[in-house]
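Below: one structure, written as structure tokens.
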């Protein structure tokens with residue numbers, strides 16, 4: 001008889017605890033209803049990347065000494081380095097350097113361990129194509145400097161309009177058009 005009474009007490013405690021958890025979750029949900037949506041309309045407004053963002057790799061052909069450190073530290077042996085040994089000067093001459101960004105995991109090991117700093121990570125993240133073979137960049141494509149996000153005209157609207165400058169009338173409901181089209 002006593003186990004039955006303690007069972008009912010445990011059931012009652014569990015019911016109260018479940019109701020409290022449901023109430024807490026509703027309070028959290030309702031606290032988010034007063035916030036304005038933070039949405040970036042991607043093709044027209046671009047995301048500002050952080051300083052440590054790991055985007056497309058930039059390659060400087062003149063600095064490379066064909067040491068192949070980038071290939072050895074890459075977890076997937078991705079960079080393809082073609083070189084020829086110049087016997088009269090006893091140095092390697094770089095012929096071709098390429099990286100396939102369809103396979104690259106953007107870990108940044110090649111950039112970190114390069115002894116001549118000929119590799120660097122850029123803030124470019126728009127690498128999507130319809131054909132995966134277009135993601136295989138040679139030394140010419142890797143040497144192309146990316147367009148800075150700060151100088152891009154589509155970024156200016158985000159940088160110059162903090163949340164405090166947005167003016168909307170209180171009778172209009174808040175939606176994505178109200179915030180982005182000021």
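Every residue, even glycine, has its Cβ placed from backbone N, Cα and C.
The model shown is predicted, which means the values in this text are computed figures rather than measured ones.
Record check, Swiss-Prot: [4Fe-4S] cluster 2 site residues include 104, 107, 110, and the candidate from 67, 74 also listed there is 74. When Cβ neighbours within 10 Å are tallied across all protein chains shown, the highest count among the binding-site residues 67, 74, 110 belongs to 110. Taking residue 70 ([4Fe-4S] cluster 1 binding site) as the reference point, the binding-site residues whose C-alpha atoms are within 10 Å of its C-alpha, out of 104, 107, 110, are 110.
Between the binding-site residues 70, 104, 107, 114, 70 has the most other Cβ atoms inside 10 Å of its own Cβ, all protein chains included. With DSSP classes pooled into helix, strand and coil, the tally for the domain '4Fe-4S ferredoxin-type 1' (55-84) is 5 helix, 8 strand, 17 coil. Taking the centre of the Cβ atoms of 64, 67, 70, 114 as the [4Fe-4S] cluster 1 site, the nearby residues of that chain (Cβ within 8 Å, site residues left out) are 65, 66, 68, 69, 81, 110, 115, 116, 118, 119. Using a 10 Å Cβ-Cβ cutoff, residue 64 ([4Fe-4S] cluster 1 binding site) registers 19 neighbours.
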